[in-house]
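Features reported for this protein in Swiss-Prot:
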ACT_SITE  H22  active site, proton acceptor
BINDING   Y17, Y68, N70, N116  tRNA binding site
SITE      N12  site 'Discriminates between blocked and unblocked aminoacyl-tRNA'
SITE      D95  site 'Stabilizes the basic form of H active site to accept a proton'
Amino acid sequence: MTAIQLIVGLGNPGAEYEQTRHNAGAFFVERIAAAQRVDLVPERKFFGLTGRFTHQGQDVRLLIPTTYMNRSGQAVAALAGFYRIPVESILVAHDELDLPPGVAKLKVGGGHGGHNGLRDIIAQLGNQNTFHRLRLGIGHPGDASKVSGFVLGRAPRAEQEKLDASIDFALGVLPDIFAGEWNRAMKNLHSQKA
């Protein structure tokens, strides 16, 4: 596996979206930044908050796009292009309707599954979809017409605690991810459930 050089956390900017389910990916990157004692600072040319740390001699960049979700690819393409980061070296953390709260899954490649952030990233990367994904379960409202309000809403406390636990599980497999042990990371993460 190619070493991960960029970890992207998807979300929407602004106080009104700060604690919503759609910002699950941003929560993950914020937690990495805190653990690594990295400040996430605004970078206009990358359309987001960025940070950097070194893991065993390898630079790892963090990005939370400050564009709206459906323009996330603008930020990812700008940063990846500037630092010449291959698509295969990108990990995108995002909310996942098809998984219940408390479950996180790793995946390589695939479609966007209706997720507008992933859709734009794939488009902005020249229709390349071979980046890695961390899918953070938020559950589904049960009716497709309720999805928008659901993802842009705040989770009840018990649900948020499960999401936080799934982020903890994902943080726990980062050493395997950085070591290129993708299968071990998947096995360990996929056996966890809050």
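Positions of Cβ are set from backbone N, Cα and C atoms, glycine also.
A quick note: this is a predicted structure, and the numbers were derived from the prediction, not measured.
A map of Swiss-Prot features onto the structure.
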{"residue": "N12", "record": "site 'Discriminates between blocked and unblocked aminoacyl-tRNA'", "contacts (Cβ under 8 Å, 6+ apart)": "T20, H22, N23, Y68, M69, L152"}
{"residue": "Y17", "record": "tRNA binding site", "contacts (Cβ under 8 Å, 6+ apart)": "G11, N23, L152"}
{"residue": "N70", "record": "tRNA binding site", "contacts (Cβ under 8 Å, 6+ apart)": "N116, G117, R119, D120"}
{"residue": "D95", "record": "site 'Stabilizes the basic form of H active site to accept a proton'", "contacts (Cβ under 8 Å, 6+ apart)": "L10, R21, H22, N23, A24, G25, H115, L136, I138, V151"}
Neighbour-count leader, CB within 10 A, recorded positions: H22, Y68, N116: H22
DSSP-derived structure type at D95 (site 'Stabilizes the basic form of H active site to accept a proton'), helix or strand or else coil: strand
